[in-house]
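Some notes on the structure that comes next.
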């Protein structure tokens, strides 16, 4: 499957909101001795004068450089002396695209030596078993080509202090560094997932020294971070590393996976562009030599130069830097993996207009046309765009899908036409795969609760009101940005953020979720697929979210 490079930036912007500044005071904190070494963190006085400790930039793997580039990660060496864990780590090398907005740029330097994690913990730091805190481990989104645990929006201090939990965020390798596949151990693909696995193993071994309970770990993520979270939940290699998951806008039923052979064939194009392969000397025919050559290529050449060599944005393709099935971490496809797992608790949800931001990056010129030139979106043009979208995914029943979404929309109903376009993109990529996994968890007897985020942030980077609550808009509320930066938000948004951080951390601690009025959050089941809205006005309980749309798509997914 060949994806336009502009589409990669869709999920790229996922989870990379940056709002600068800090509100907490910082002083050196205690030294914590672990099985990985001794680490000195910072003491933070957060909102409400709560004190927590932050340990930033802890290495969990050896630098994936030199001979270790493109290989599975190796555990970091034991640290001699005391490691000063007071600065967020560098970001992993990632895409430099003209489509990224300024606020989507990483707020730290990019380095290949980037496999670090950060953690925030309540100041008690008790290691007594009965006093250990529940743990939340976050996997950021970004299309597997962008993102960083150093971004301010992922600062875990508010979650930790408000919810009395330990919060962990991690970097993992991106783009070619995380997914190059030569069909050999020199570059086996899925390195990013193995990075995440190693970080979870580090947490399991060491989190008790920071006051966290290794037996009460919840893994959560957004967009491809949610994809990865649910993949890891189904992997045979993660047994005992975490107990439940939370998914924000995404699941393992997504269409953005590949088989190894196709991945290697497409990765050969990258090897050719950086001067390490040609028509007769390929990544598949000569993997050892080609990968050895690629280890000598400057990191920036992978993430910048070769994309620019491909010409226009429309011509840029995704070299299929996505997870693949068929190795130890993902032995087979999601539908088979899920049969083998004992599924426990799931809290999941989507945003009300997932497809708006995704459509903008899939067709960036369209957004500019409608916003800057005030043009009208017609059914004819929407049909062209939908057909282009379906070509990317090699979807054969495009006429049937277009009729389903546009057939009953009047020619002069621009709002309805726009809603249909956003629906196609959002339903296919995010909303329906998330619902399908919730269905499967419920079918297997797991405790499932579902939300729909409905608030368009006052800090939104999207001028048109019709963008709505777009992909990734909920993250700033989950991590408490309105609490940390009240001057940038309304009082209603601050209240919503406080409620959401409480909801997320309550799920982690007890799964006892409450609605705003104090009543019980509804359970999600196949017979009653109930959800609760997250918005600044009255909370609504709904059922069968996007039911007709997801029933339409269901036969096209391997569930």
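Using N, Cα and C of the backbone, Cβ positions are placed for all residues, glycine too.
For reference, Swiss-Prot has these:
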SIGNAL    1-21  signal peptide
DISULFID  92-114  disulfide bond
BINDING   142, 143  substrate binding site
ACT_SITE  223  active site, acyl-ester intermediate
MOD_RES   223  phosphoserine
DISULFID  276-293  disulfide bond
CARBOHYD  278  N-linked glycosylation site
CARBOHYD  342  N-linked glycosylation site
ACT_SITE  354  active site, charge relay system
CARBOHYD  374  N-linked glycosylation site
DISULFID  432-550  disulfide bond
ACT_SITE  471  active site, charge relay system
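Features recorded in Swiss-Prot, as mapped to the structure shown.
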residue	record	Cβ neighbours (10 Å)
92	disulfide bond	31
142	substrate binding site	29
143	substrate binding site	29
223	active site, acyl-ester intermediate	32
278	N-linked glycosylation site	11
342	N-linked glycosylation site	8
354	active site, charge relay system	31
432	disulfide bond	26
471	active site, charge relay system	33
550	disulfide bond	21
What does DSSP say about residue 293 (disulfide bond): helix, strand or coil? helix
Cα-Cα separation of residue 276 (disulfide bond) and residue 92 (disulfide bond), in Å? 23
Can you tell me which of the recorded positions 142, 143, 223 is spatially closest to residue 278 (N-linked glycosylation site)? Compare CA atoms only. 143
Within 10 angstroms of the C-beta of residue 293 (disulfide bond), the count of other C-beta atoms across all shown chains comes to 17
Nearest to residue 550 (disulfide bond) by Cα distance: which of the recorded positions 143, 223, 354, 471 is it? 354
Relative to the Cα of residue 143 (substrate binding site), which of the recorded positions 92, 223, 293, 354 have a Cα no more than 10 Å away? 223
Other than its own, how many Cβ atoms are within 10 Å of the Cβ belonging to residue 114 (disulfide bond)? 28
Of the recorded positions 92, 114, 223, 432, 471, which one sits closest to residue 142 (substrate binding site) when you measure Cα to Cα? 223
Closest of 223, 354, 471 to residue 92 (disulfide bond), Cα positions, active-site residues only: 223
Residue 354 (active site, charge relay system) versus residue 293 (disulfide bond) - Cα distance in angstrom: 41
Can you tell which of the recorded positions 114, 223, 354, 374 lies nearest to residue 471 (active site, charge relay system) in space, using Cα positions? 354
Residue 374 (N-linked glycosylation site) falls, by DSSP collapsed to helix, strand or coil, into coil
